[in-house]
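One structure is given here, and the rest of the page talks about it.
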């Protein structure tokens, strides 16, 4: 019985488990802060991997500095430093003590005895094969360096510092400007490099996720006698700044601007070329800026210092904030504008909050809305149905296109100087189109095409810019790439010639595809048409130059071919004349007289092989010149191509000159 009882007791718990299933956990409504959301989805802001994080951090800090300097019309001087931090130094920064490994098998980079034996056998076979090839006289390649096994925990850390001479930040605003996601000063309808208030905040979030170290900010306003210093990180869950130190320091040198320093995990090796390419393209589109880029490493041979010098002191005008175009608004925006301006009546609201609606046209729109609308009615009394009616009329009515006066393109002058400064091309053409409109937002397309240059690969080299920002990733689907490759016939040898294609698009709203803001889709007809037109205008400008270059190339080939046989022809001709007297052919008296005179000159050394070669060479030059003239006439080249001339402006006292701008040059009139 005891045995039976014990078996019964053993089965009872199993029955209880099957009869009482686990209750599902009650769902709880949770809310995430913006900082927490972007920390979990950092790829949205371009922080995909350590290498891309390093690149994006540099990019965001540089663009913020440019916006800051341009906002006060200050010629930018920006210093960017990336310092490689060794593991021991990083551990001391975070308060860790270096420890030796005790149990090697615990680590991801541990190599077992079997794996080591297999690797050594493979290396021995490679050395044996190399020795065999060397003994037989075959070409022997250098053996590849042995790959070191890198564990997942072996990260690389860098200190990124960006210093500028810009506007600076108010002392009390610094914590919120860096420690609160989706807070910023660029939310108006205005052409800016940044839009979402994410750049520097994402660098801080990535620093907190990868190193745990705070960010350091030094800033001073123009004319301020102190420097604001702030060391802070961010409370991810509450989306508020966590300030470690916030104080005022003496500003003895009267410096103004901002200096930001952040320590992050990165990968310089894999993204070195991207970062340098970005800096070079930024120097092309902003030739009025001076950049000093440094990479500091423990190994002196790996350190880099590059200065991108300023070529001009002519800056584009500061972009202006504009109002919304009626065809670009939605219901939510109309309601927000009504909430922000509750004291206006309907007539004032239409006139003052939207572009291209004058008083007379506003009255016509109100009459079209219906009898329940009147010009003097307060907008705060509008019902939801009436707001929908206004929105419907905005979508159906006809409005003038917005002008591009609020935009600030680089300008043909700066674009041309940037291309010449960085690429040193043989030929360059630039074009700036007029303002066009996409979904109620104005945009301007500028383009440049260069031929030749240093550090330019053979074939097409495409450089894309949006709001004066270089775009380096996701190039294949971009409207500029597809237009340049498929819709333009350059009529050049793309396997030999070096062609640079530069397209810059500026707008109050760049229609980026994807969350990375790296390319503009090819499905927008208005932008695709404007890009194609701008590139065609550049090609038309280069047509005469390219024809001239092709003509010179063919002329050299013809001359080379004719001159190749001059020596042989002179020898044969000279020998023939020496033997011609021995021939008894029937000739006229005049021919015999000419023959005797020629023979006499040859006998007296008046005509030598050298003189004969010189005469033939002159004949080749004459024939080649006549053929070149005939070729130019057939090709429609009536005159020499005219080259643009750019003069470097002189240093002058402030407000002692007036700049007169044109699409291709700036004329400075000194008072």
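Sequential numbering from 1, following the chain as shown.
Glycine is treated like the rest: Cβ placed from N, Cα and C.
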Per TrEMBL record, range annotated region 'Disordered' [choices 1-34, 35-68]: 1-34
Average pLDDT across the domain 'DNA topoisomerase VI subunit B transducer' (402-558), rounded to a whole number: 85
Surrounding CB atoms that lie within 10 Å of the CB of residue 200 (ATP binding site), all protein chains: 23
Neighbourhood of residue 198 (ATP binding site), C-beta criterion under 8 angstroms, separation at least six: 38, 45, 60, 181, 182
Intrachain C-beta neighbours of residue 517 (ATP binding site), sequence separation six or more, cut-off 8 angstroms: 46, 466, 510
